[in-house]
Amino acid sequence: MTDAEQPATIRLEVARYRPEQDSEPVFQGYDVPLMDDWAVLDGLAYVKDRLDGSLSFRWSCRMGICGSCGMNVNGEPRLTCGSFLAEYGDGPIRIEPLKGFPVIRDLVVDIDDFLDKLSSVRPWLIREGEEPPLTAEYAQTPEQLDAYKQYSMCVNCMLCYSACPVYVLDPDFLGPAAIALAQRYNLDSRDMGDRFDVLNLDEAVWGCVFVGDCTRVCPKHVDPAEAIQRYKLTAALRSVLPWSRR
Amino acid sequence: MIDVLIVGGGGAGLRAALAVAETDPALKVAVVSKVYPMRSHTVSAEGGAAAVIGVGDTLDEHCYDTISGGDWLCDQDAVEAFVAEAPRELIQLEHWGCPWSREADGRVAVRPFGGMKRMRTWYAADKTGFHLLHTLFQTTLKYQDIIRYDEWYVTTLVVDDGRVHGVVALDIRTGRVETIAARTVILATGGGGRVFPFTTNAAIKTGDGMALAYRAGAPLKDMEFVQYHPTGLPFTGILITEAARAEGGWLINKDGYRYLQDYDLGRPTPTPRLRAMELGPRDRLSQAFVHEQRKGRTVDTPYGPVVYLDLRHLGESKIDARIPFVRELCRSYQNLDPATDLIPVRPVVHYMMGGVHTDLDGATTIAGLFAAGETACVSINGANRLGSNSLPEILVFGRRAGVAAAEFARAHRESEPPAVRSQGDDEARRLARTREGSRTGERIADLRERMQHALEGAAGIYRTGDELTKAVDTLADLRERAQEARLEDTSATFNTELINLQELCAMLDVARTVVACALGRQESRGAHQRTDFPARDDETYLAHSLVHRAPDGTPSVGLLPVTITRWPPGERVYGRD
Amino acid sequence: MKRTLEPYLWLLFSGGGVVAALALPVLVLLFGVLMPLGVVDWPSAGHLTALLDHLLVRLALVVVVVLCLFHAAHRIRFTSEELLGIARFDLVIAVLCYGAAVAGGVTAAVVLL
Amino acid sequence: MTVRAPYRPPRDRLWFTRTRSATVFVLRELTSVFVAWSVVFLLLLADAVLSGTTREFAALAARPWMIALNVVALAATAFHAVTFLNLAPKATVVRLDGWRVPDWVIQGGNHSAWLVISGLIAYFVLRSS
Ligand SMILES: Cc1cc2nc3c(=O)[nH]c(=O)nc-3n(C[C@H](O)[C@H](O)[C@H](O)COP(=O)(O)OP(=O)(O)OC[C@H]3O[C@@H](n4cnc5c(N)ncnc54)[C@H](O)[C@@H]3O)c2cc1C
Ligand code: SF4
Ligand code: F3S
Ligand code: FES
């Protein structure tokens, strides 16, 4: 683009919450250049660099893999590095923090609760017996890998939590990603653990009413809704047939 | 008092934490990270991790590939240790659950990689770093005693009398500044690619750890060696992994010609040949691009000249099976499908071979201070890192640093000196002053851009003494101006502008050492190419550049001989049999 | 470990969902829409009585009724809680919903057996 | 300056109107009311048949409001059937020899079963009349 041309702009309506001055979020408008290849995140970076240095948001990889740039864009939870300004026509684009989490500042939300939940499902490979020497790997065929691979793709971006009405209403709900990650290990042929005690709870898999929005918004196609329903079946069968494992 | 305080929650930092937790559960371990650990940049690594496992491969061959790839600037004792321990580390990762891609019989699969004579690169599709980091992070959750300071930014090291005593860190969420006393500190803060304008590196890669060590008096090593990766997407700089070429992708110029054959990288073959053509080392491939550009054989785009990466002949099913993320990235960020379209690519700053000078156990010259990962320079990468050597490096040396730090902490039980509080208070005052804000100075983003362009102009793929000399002054001037930068955000809560300013200052320090080392090295070797000194000069420069911060704040560069064990310097041969 | 009734309720709910999906639309279509509209004729009273004559058919009907009602009760319980934000009264709501389903089941048994 | 705690937004009472999929979800769940109604209706029918008052029942069923109600119930139960049978593969992932049977195969099977059973029921009900 040459300097002479006036670049087209698009308006971003950005939610601001500065705990020192705002008692609740307010919207602030910014006009940013409407470039074909700019992601919404590039628009925000432009605001921060050129218009208002006091705007706070998280981002890092800008390639959809670190999971830090999730926000509510026009009411939908999105990774802002993977959503483009041009998708939103003439704008304005409303950018808010992810729904369902306490807002720390502007577009930054508190996700510590998720990390506690993640720990609680024991998201690590559980083995019994002696640790074998580090000379050979555990065998795992491509088919066995396939059985859990999809659930291992979670980037912890929290879009699914934000989209799940159950979680938004009841923060005690263990929620989609944590359950999907528990299933990631449950279905791993190398894992010998049992996570029934943490998953078979009212506020774990039984809290899910299968809205399915978690799966719809997941940018990594993890399909947490499926993970949860599958474990419901597992848990139900185990409850009626106590001798069956998994 | 923390026994082992790890700055950085990437692959190196988490591996170190696990090493301590597993070897001595009695020690108190803490991980401080400016982002949640699973957001660390290790998450972006795509292609794979090298370690000898296959039949027909030997440790010596991996050593030789690494050393010749590094243009004989690697310390060979370090390379030998690295190559020997890498397989164990990758198996350990497997035992922790890493979903490595597999052969039909259930063994771990390997793929070819640039500059490697054998297939030895383990991979988890093309999200290797992602899986590696999440596996490590989730495994650390098993150790409830590991203390985590998530979203805390370390602003300075507390050093007294040649010994480290902890760090001062800012809790980004509350703005609180705290001194964290520790018997040992491991820097695992990753690289600093953001000093350049066009990079594959994430926003957080601002060289903080290098700056922290450098300011504390520890020397940095080989800072002039900056790796350009030959295939980044224009505009975003998003990396198209080398695995795309390892699986059979071709680099072609605007005439559809596989131009690498003109640059002594061998003859084109339909299927990939190891250590030849597209599987040559990154420095040579990026340099070839510059020559193509000069010959007018690249394609101009709004974001500079590009060549094409051609994956079409691989077919959709192979692309989806082996490099699905490449397809995902091309679709979302370039609006094209590699199964049917050519991918425009250009060289992009990717990795810093240099870093904090350490020995084989990650120890720096400051007692109790260790470094590991991309922020450190143990010297296994020399003048040019081979793709897929970095992930095993962060594991091998992350573990070694963890074990060594644990040992040091056990041996040094003295209580903290008064200097800890006083230095902590000084730093807290400095940060409080900065946060009062300023409406007058220049914007952080402007200063950052100036720095990036100065560096790209002077310390790009090809360098000259004149331009480097000019950059020395530009950067010194920018460093001054950064002290007066404008800061609009005065909030204590999640003040990212304050963090950005700290990062800018770190980058300016790092940038100055890059330029100083590049100016000092009057030869061409690996990723450091001086048009005014085009030949390699083993007579004078078979040595590392070691850069200290002089009392007046300027970088002062010296030389340290390279350790040679079994591989005397030779010619780097690719594609010629 | 905390005991929970949910797995059993969920099995009933799922079974009811399947039964309701397979059997209800066609029955409603025939008896609720097509016959009243006169598109198809009502079967003779004798035919209908004959259908219900088998004990097995009646037993099957009771099962269908019970399962479908449990399905409905389960969904109504959760949906009302989500829609109205009254999850804290879950116990009361659950007793009401499943209670109604049980009552319906008993009625069915009385009518049919 | 006082620093406030993180902001917790108030409950959004109209959450189910915010996205199309949430509305579809609520509609899907509300079909259960009509499932219950259909069962009641069939019970009334069975009672009438067994007590010989089929004629009165037919008259009741032919009232316009009754027909209207049952048309809605038909739509709701059909919607229930489609959604429920489509979602079934989520809970029951079938693997043959490591190969995952695609969702659409299972869904197709479910829908076929639905057709067959509906046909059978219709056949038995309408057989001799
Ligand atoms: C796009 C891309 C692809 C790559 N692909 C490959 C590959 O295929 N194979 C390979 O071998 N290598 C690859 N690499 C290189 C490799 O990924 C990195 O070198 C390696 O991951 C670095 O790991 P690390 O642990 O040293 O640092 P990082 O993962 O970068 O972690 C740094 C940590 O330090 C913390 N930190 C930094 N500064 C501070 C501070 N001031 N205070 C507190 N915490 C701080 C950060 O929060 C972070 O947790 C790739 C690199 C890139 C950019
Ligand atoms: S399951 Fe998907 S949406 Fe949820 S956190 Fe993981 S990647 Fe994000
Ligand atoms: S949106 Fe929520 S209710 Fe279940 S299916 Fe997903 S977790
Ligand atoms: S910035 Fe990393 S996912 Fe968007």
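Using N, Cα and C of the backbone, Cβ positions are placed for all residues, glycine too.
With a 10 A radius on its CB, B:ARG282 (active site, proton acceptor) counts 25 other CB atoms from all the protein chains. Residues or ranges marked as active site, proton acceptor in TrEMBL: B:ARG282.
Per TrEMBL, FAD binding site is recorded for B:8-13, B:33-48, B:ASP208, B:GLU374, B:390-391. Other Cβ atoms within 10 Å of the Cβ of B:VAL35 (FAD binding site) number 24 in total over all chains.
The substrate binding site annotation in TrEMBL covers B:HIS229, B:THR241, B:HIS350, B:ARG385. B:THR241 (substrate binding site) has a Cβ environment of 29 other Cβ atoms inside 10 Å. Annotation note: B:THR241 (substrate binding site) sits in a coil segment as assigned by DSSP.
Residues 155-156, 158, 160, 168, 170, 175, 177-179, 484-490, 492, 495, 498, 501 of the same chain lie 6+ residues outside the compositional bias 'Basic and acidic residues' (B:423-440) yet bring a C-beta within less than 8 angstroms of a C-beta in it. Residues or ranges marked as compositional bias 'Basic and acidic residues' in TrEMBL: B:423-440.
The annotation domain 'FAD-dependent oxidoreductase 2 FAD-binding' is assigned in TrEMBL to B:3-391.
Annotation source TrEMBL lists region 'Disordered' at B:410-440. In terms of DSSP helix, strand and coil, the region 'Disordered' (B:410-440) has 19 helix, 1 strand, 11 coil.
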Discussion item. Below 8 Å Cβ to Cβ and six or more residues apart, same chain only. Which residues does that give for B:HIS350 (substrate binding site)?
Written reply: B:GLY193, B:THR199, B:THR200, B:ASN201, B:GLN227, B:TYR228, B:HIS229, B:GLY232, B:LEU239, B:ARG282
Worksheet item: So around the substrate site, B:HIS229, B:THR241, B:HIS350, B:ARG385 aside, which residues have their CB within 8 A of the centroid of those CB atoms?
Response: B:GLY47, B:THR200, B:GLN227, B:LEU239, B:GLU242, B:ARG282, B:TYR351, B:GLY387
Item to complete: Sorry to bug you, but what's the C-alpha spacing from B:ARG385 (substrate binding site) to B:VAL43 (FAD binding site), rounded to the closest Å?
Response: 19
Worksheet, complete the sentence: What DSSP gives for B:VAL43 (FAD binding site), in three states, is helix
Practice prompt. Please give the greatest C-alpha separation between any two of the substrate-binding residues B:HIS229, B:THR241, B:HIS350, B:ARG385, in angstrom, as a whole number.
Written response: 15
Discussion item. Using a Cβ cut-off of under 8 Å to chain A, which of the binding-site residues B:VAL35, B:VAL43, B:ARG385 qualify?
Written reply: B:VAL35, B:VAL43
Worksheet item: Of the binding-site residues listed here (B:VAL35, B:ARG39, B:GLY47, B:SER390), which is spatially closest to B:THR241 (substrate binding site) when Cα positions are compared?
Response: B:GLY47
Response to the item:
Sparsest Cβ environment (other Cβ within 10 Å) among binding-site residues B:ALA12, B:VAL43 belongs to B:VAL43
Worksheet item: Can you tell me the three-state DSSP label for B:HIS229 (substrate binding site)?
Response: strand
Item to complete: Determine the binding-site residues, out of B:ALA12, B:VAL43, B:SER390, lying near ligand 1 in the sense that the CB is under 6 Å from one of its atoms, and give them in sequence order.
Response: B:ALA12, B:SER390
Response to the item:
CB contacts under 8 angstroms to B:ARG39 (FAD binding site), restricted to the same chain and 6+ apart in sequence, sorted by sequence, are B:ILE204
Practice prompt. Check each residue in the chain of B:GLY8 (FAD binding site) that is at least six apart in sequence and keep those whose C-beta is under 8 Å from its C-beta; list them in sequence order.
Written response: B:VAL31, B:VAL32, B:SER33, B:SER40, B:ILE186, B:LEU187, B:ALA188, B:THR189, B:GLY190, B:GLY209, B:GLY373, B:THR375
